[in-house]
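Here the structure is laid out as structure tokens; the discussion comes afterwards.
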Amino acid sequence: NPGRAPAQKMEFALGGWSHVIREENVSPSFKGKNKLEETVLESELGDLVCMQSLTLQHYPANACLLPICSLHGAAVTTVEGVGSTKARIHPVQERVAKCHGTQCGFCTPGMVMSIYTLLRNHPEPTLDQLTDALGGRLYVSIESGLFVFFTHQTSGCCQSKENGVCCLDQGINELPDPKLFSEEEFLPLDPTQELIFPPELMVRQMTLKELLEAKENPQAPIVMGNTSVGISNHTALFTNDFILGLTLGAGLSLAQVKEILAEVIQKLPEEKTQTYHALLKHLGTLAGCQIRNMASLGGHIVSRHLDSDLNPLLAVGNCTLNLLSKEGERQIPLNEQFLTKCPSADLKPGEILVSVNIPYSRKWEFVSAFRQAQRQQNALAIVNSGMRVFFGEGGGIIRELSIAYGGVGPTTICAKNSCQKLIGRPWNEEMLDAACRLILDEVSLPGWAPGGKVEFKRTLLISFFFKFYLKVSQILKTMVNGTDRVLAFPVLGVLDVDPKQLPQDPIGRPIMHLSGIKHTTGEAIYCDDMPVLDGELFLAFVTSSRAHAEIVSIDLSEALSLPGVVDIVTEEDLRGVNSFCLLIEPEKLLETQEVSCVGQLVCAVVADSEVQAKQAAKKVKIVYQDLEPVILTIEEAIRHHSFFQGERKLEYGNVDEAFKVVDQILEGEIHMGGQEHFYMETQSMLAVPKGEDQEMDVYVSSQFPKYIQVTWVAATLKVPANKIMCHVKRVGGAFGGKVTKTGIMAAITAFAANKHGRPVRCILERGEDMLITGGRHPYLGKYKAGFMNDGRILALDVEHYCNGGSTLDESLFVLETGVLKVDNAYKFPNLRCQGWACKTNLPSNTALRGFGFPQSGLITENCITEVAAKCGLSPEKVRMMNMYKEIDQTPYKQEIDATNLIQCWKECMAMSSYSLRKVAVEKFNSENYWKKKGLAMVPLKFPVGFGSTAACQAAALVHIYLDGSVLVTHGGIEMGQGVHTKMIQVASRELRMPMSNVHLRGTSTETVPNANVSGASLVADLNGLAVKDACQTLLKRLEPIISKNPKGTWKDWAQAAYDESISLSATGYFRGYETHMNWETGEGHPFEYFVFGAACSEVEIDCLTGAHKNIRTDIVMDIGHSINPALDVGQIEGAFIQGMGLYTIEELKYSPQGVLYTRGPDQYKIPAVSDVPTELHVSFLPPSQNSNTLYSSKGLGEPGVFLGCSVFFAIHDAVRAARQERGLLGPLKLDSPLTPEKIRMACEDKFTKMIPRDEPGSYVPWNIPV
């Protein structure tokens, strides 16, 4: 604009240093990571603390939502500014690390910043404040590290760097106490040592007059929080001089609104604060505190999102909006006309929203807020509502009634006509019935409505009104709301080490994660943290938008013409190397002829920058010709007989004969949905040509470097594997999802790098990662059980169908595992299990933690539960009756000693006080009609092994240097499970040296070739045995040297060995466990050992909304001799929570055309901190058996996932109690995940019967279960 004012500057502070940016260098979308890489504005997950210059308040925020322009006059602190290993770590960072609150570490900086901000504002926080600070945060096992802020704060750290060494270096890991951590050693929290707000940043804020000048362009939105680009305004915060209510500035953040309302409620009579209480309730669950700190009240209102939590309440509360323009001031009501953007009731061009008037409530007026979402916090509402009733002078006659709903239309919907017809009626049961029918008639929802869950939403419309009716009838004495959640301290029964163990031996001790401190300071390096290299290019994929179609043409011309675009890699470029065969089905890297799923890779754009590559990818024009059939669901695959080759079958005993002698026969089925990996670090890779001899380094976030090196990159480039080196420092979570698809993308990235002789980086965004990579297989399980009246199951015939997607990937392996583990903890004397992998038009599903067992085990446990119901027995009694007893034989003829299985079951029964709590649950249920509790306990037998000896081999390389230090390298990948930490523990024990002498840099095919995949809970087992072998080889060589000088140091011994020409380097090797399986005979020894366990969970459900609370979980695990109990309990907790998400809230949604809707955290919900059971107890069985595993330990990465189904069956128990009380005694079929929708619709009542039902086939649903 030639007429604009002279360039202005903006100032902000970053880590205490001032920065000035001039207007001509800034665009509205300018963000920290784009331009300020050297100052590290954006931390690992984009969390920072923005300290406002006027109020000197500290707010956690997401850098990805912060345009640089919004930081004018603010001081910014990133996790790097809080503390670092190079200077001084902060007490928050120390506690999170030393209390074992990190795993993969990718999200740890965000956790650190949330709690750091809390402590800046509240040096002595309450538990409620802690809960609120972490509310909505995705779960990691971090809480125990934070609770110490409420206990001792004495220091044990030297905070010294004398001789270049601090106690916070690796040496701190020497010998902690047998308990998990010692609070007495922690640094004190000292507020006087924090960064101060730079006084030079007290800058002048923009005035309203200047803002109106800027608003002369009516198309220019005013962006504040950038959480949704809408119109809002920076004005006075708030005043309380509005005679009839409260006036809030539109520029207030939602966090500030929350604080103000809480303060006002304390000062005013309760009868005046009905609306404020309701708003405060919603603000407690609306997004997370980072979003609330950025989103403005005005922006939230004017955006008018269909699922807005606040607008329904503000609408029923008779709020008004104060507007300002150059023409003057005016007021408009926040009503239905405004919410539907009616021109006569909306803002005019040039107007800005200045403030919002929220009236006081009156005597005999009641206001309530309701919402139901997929999880408790930081999840968009499925349906929400605001309701208000006014009775005038009392007497129970309705004088005013307002009802508004969100989530059931294009914007907030007001039930105006229904309310009008109810005025003058008494507040009684007759009015309730009429109101429900009127609401259903007025707020109609078609069967094809966006978002699906139509019948659930219809039920919530009237369930919410019934809850309001009850609440008002009880005069605010609620009958359905539970108590507030408070985080409980996770309890662990820690094992004591063997008293005979040498004090310097670290095995069995709770050693902190090797990278724990670096996780908390943001110094841990992941793939995308690697600095940009000279000439580096970025690669972005173009994917199919059709599920099954022929590609008629691809037009690359517009994309190639864009600035910065270097190349587009297609199938033609990969001629001769575009096809590969993983097992028996050929697959392609890129497909330009016939696509078989939405998200299939078609071509790849290579450009100078990420932005340019992704802009060009959108300009690639593809013309499709749709093909039939489009097969998406398991049922469709069965109907079309669309299966991959390789049916699997396991049979034991004589099933058909056994069915002839049983008392009863039951047939049933259960469907289980898939699951997204949702690793924190998305697929990431960087291919770097070395410039000579066709060499290339590939840095990749992968579980299988050998696979990347040999099968993919070397084969694609047609070079020997010795020219390609694959390096993995650490992985920010994987869960099985960084193997096959990672290899395909790495091969294409390497091809582009080789073609252009320049480094090429590829980092997927969350949405495209979820679209491309697939996840856990959806399953359909059908079963036929023959049993006696006392609950003994004599015959079981099971069929497994898994949705494999469009290519085979690892589906056959997953299917095999599910079939082999179908028995779980039970001895079925006659068993038959068959499995098929369905070929569908979805992205191919792949490995995910548990690898088939979470699905297979759920099918079996559901059968057990139904058998128990048929026999009139508790499921726990039937489980115990059919469990393996002592020495027995599995269906594949492998011997099993189930002694520890029975012991885990008994210990869990005792630890959870199961019998007493079962009585208490039944008493609670008899006294509450609209709330029910459920209690369930499940056993676990998890076989561990790869099924072949070759797949279990491992290697290691150990060097001793002349100064006595040791470098360890092995083939395992560090992805959060702490394998590197355990390997250093192994080396320390075997070489009898302090852990501080041992270092581990990462994993590389350059040092350890041909390493197997890191997975199946075996990474520490196998690689540890290889490290142990290498160390023992070295020690044996050095024994003569050490015996000559027993009091010498490792430096002395290394020098002496060198002088005598004794090698100080050794390879270690483990050939693998002797495992095998013959599918022709159905016999074998596919597993090396079994992990046993049990879990007992208690829940409470709301029968009117389907919401559930996880009250308590007790877990007992047989883990053998733990190498590191701190890491092991983290694995158990994390796996359990991931399993709980799988079975209860994580729901993938596909359109009838095969398009994945759930492509990010907005649509796909994994458990947050608030979803963790209020009480979570983990206990280990004392070690009782020795084995040939690493120090008789057991792998624990996967088994705990299945224990999450204890929550599923606790909900099942609660739903059954509700149905029985309503006289519904027939079979109960509940599929997984057991979402609020399924819980509510299973608790049938007069409201579910009242809603209209759509005839199947009369409409095309928004989504389908696959």
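Residue 1 is the first one shown; counting continues down the chain.
Any Cβ shown, glycine's included, is placed from N, Cα and C.
Feature annotations, courtesy of TrEMBL:
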- Cys104, Cys107: [2Fe-2S] cluster 2 binding site (BINDING)
- 195-363: domain 'FAD-binding PCMH-type' (DOMAIN)
- Ile222, Val223, Met224, Gly225, Asn226, Thr227, Ser228, Val229, Asp309, Leu353, Arg371: FAD binding site (BINDING)
- Gln703, Phe735, Arg849, Ala1016: Mo-molybdopterin binding site (BINDING)
- Glu1198: active site, proton acceptor (ACT_SITE)
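Locations of recorded TrEMBL features on the structure.
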residue: Cys104; record: [2Fe-2S] cluster 2 binding site; contacts (Cβ under 8 Å, 6+ apart): Tyr679, Met680, Glu681, Arg730, Val731, Gly732, Gly733, Met975, Gly976
residue: Asp309; record: FAD binding site; contacts (Cβ under 8 Å, 6+ apart): His282, Leu283, Thr285, Leu286, Ala369, Arg371, Ala381, Asn384, Gly406
residue: Gln703; record: Mo-molybdopterin binding site; contacts (Cβ under 8 Å, 6+ apart): Val731, Ala734, Gly736, Lys738, Val739, Thr742, Ile973, Met975, Val1013, Ser1014, Gly1015
residue: Phe735; record: Mo-molybdopterin binding site; contacts (Cβ under 8 Å, 6+ apart): His677, Tyr679, Leu848, Arg849, Gln1138
residue: Ala1016; record: Mo-molybdopterin binding site; contacts (Cβ under 8 Å, 6+ apart): Phe851, Val944, Gly945, Phe946, Gly1195, Glu1198
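Residues Gln703, Phe735, Arg849, Ala1016 make up the record's Mo-molybdopterin site, and a Cβ search at 8 Å around their centroid adds Ala734, Gly736, Gly737, Ala847, Leu848, Phe851, Met975, Ser1014, Gly1015, Gly1197, Glu1198 from the same chain. The maximum pairwise C-alpha distance among Gln703, Phe735, Arg849, Ala1016, the residues recorded as binding Mo-molybdopterin, is 13 Å.
Within 10 Å of the C-beta of Arg371 (FAD binding site) we count 25 further C-beta atoms, all protein chains included. Taking the Cβ of Arg849 (Mo-molybdopterin binding site) as centre and 10 Å as the limit, one finds 26 other Cβ atoms among all the protein chains shown. Shown are the recorded positions Cys107, Glu1198; the one with the most C-beta atoms within 10 angstroms of its own C-beta is Glu1198.
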